[in-house]
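Peer 1: Sharing a structure below in structure tokens format, with a few things to ask.
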């Protein structure tokens with residue numbers, strides 16, 4: 001298929017997905033193959049230019065992603081950087097991740113999608129995405145196309161050399177961004193080690209490194225954040241991965257910010273969501289938003305475990 005015809009198809013797919021209508025299995029396969037070609041050229045520390053709007057977890061809450069685009073501006077008019085966790089827990093993981101990947105393929109320079117800890121084969125089999133694919137497609141092929149694609153997602157991004165963005169947090173195995181650039185990311189998220197830590201770690205009030213209650217990654221204190229930022233010429237670590245009630249939360253004396261973009265998480269947490277706009281001088285402002293009005297929410301009983309909020 002020539003590029004022009006494919007672009008036309010893509011535009012039609014994006015339009016369809018904007019109405020929360022899933023693509024068919026063959027279309028998903030084609031989309032994921034195209035996405036791999038684009039993502040394979042991206043770095044483990046993907047360079048991003050400002051202005052850009054930085055977003056946290058979305059977790060299959062499709063209507064809230066639509067609200068995010070209403071508040072922050074449509075793609076490609078606004079540049080976006082998403083810090084992972086597109087699937088699981090929400091009712092529309094399929095439509096959510098398909099739309100974000102379609103936008104990436106259509107506007108590769110305008111949207112950056114990083115890997116979260118839920119972009120993994122193992123986690124999606126427990127927290128909903130696998131079951132949703134089975135329910136919506138009658139087999140696991142679409143789940144396989146996406147989880148194979150997840151191995152290609154960049155692990156981190158660097159906005160204008162100063163703001164370091166990633167899903168989880170820092171790692172005792174990593175002192176410099178060059179250490180991250182040297183990792184082999186084309187694999188399932190390991191159970192331990194630097195790649196695991198980047199997607200699983202959390203900042204903590206206690207200094208130094210600590211054991212994470214999540215069972216993967218570490219907790220890291222302000223001393224660690226300050227040392228890392230100073231050593232790498234950074235002004236800020238921007239990350240997601242944790243529910244914060246206001247949608248964003250500063251910690252470590254403003255060395256770290258957490259951004260969470262799924263309002264009323266799991267349809268029951270009552271939190272606001274937020275996104276962080278970085279203008280062309282890297283000045284930041286936060287936009288908070290509440291859940292989109294729900295029409296005819298499917299009645300799905302909670303079958304996924306409560307752990308790992």
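Cβ coordinates come from backbone N, Cα and C, glycine included.
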Peer 1: According to Swiss-Prot, 57, 59 bind Mn(2+) 1; which one of 77, 85 is annotated to that same site?
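Peer 2: Given 57, 59 bind Mn(2+) 1 in Swiss-Prot, the matching entry from 77, 85 is 85.
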Peer 1: From the candidates 117, 139, 271, give the one listed by Swiss-Prot for the same Mn(2+) 2 site as 85, 167, 241.
Peer 2: 117
Peer 1: Look up residue 57 (Mn(2+) 1 binding site) in the DSSP assignment and reduce it to helix, strand or coil.
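Peer 2: DSSP call for residue 57 (Mn(2+) 1 binding site): strand.
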Peer 1: Residues with Cβ closer than 8 Å to the Cβ of residue 117 (Mn(2+) 2 binding site), same chain and 6+ apart in sequence?
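Peer 2: 84, 85, 123, 167, 168, 189, 199, 200, 216, 241 - these are the non-local Cβ neighbours of residue 117 (Mn(2+) 2 binding site), listed in sequence order.
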Peer 1: Measuring Cα to Cα, how many Å separate residue 59 (Mn(2+) 1 binding site) from residue 118 (active site, proton donor)?
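Peer 2: Residue 59 (Mn(2+) 1 binding site) and residue 118 (active site, proton donor) have their Cα atoms 9 Å apart.
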Peer 1: Cβ within 8 Å of the Mn(2+) 2 site's Cβ centroid: which residues qualify beyond 85, 117, 167, 241?
Peer 2: 57, 83, 84, 116, 118, 168, 199, 200, 240
Peer 1: Measuring Cα to Cα, how many Å separate residue 57 (Mn(2+) 1 binding site) from residue 118 (active site, proton donor)?
Peer 2: 10
Peer 1: Determine, for the Mn(2+) 1 site, the additional residues of the same chain whose CB lies within 8 Å of the mean position of the CB atoms of 57, 59, 85; present them in sequence order.
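Peer 2: After dropping the recorded site residues, what remains is 56, 58, 60, 84, 86, 87, 88, 89, 116, 118, 240, 260, 261, 262.
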Peer 1: Just counting, how many other CB atoms are there within 10 A of the CB of residue 167 (Mn(2+) 2 binding site)?
Peer 2: 26
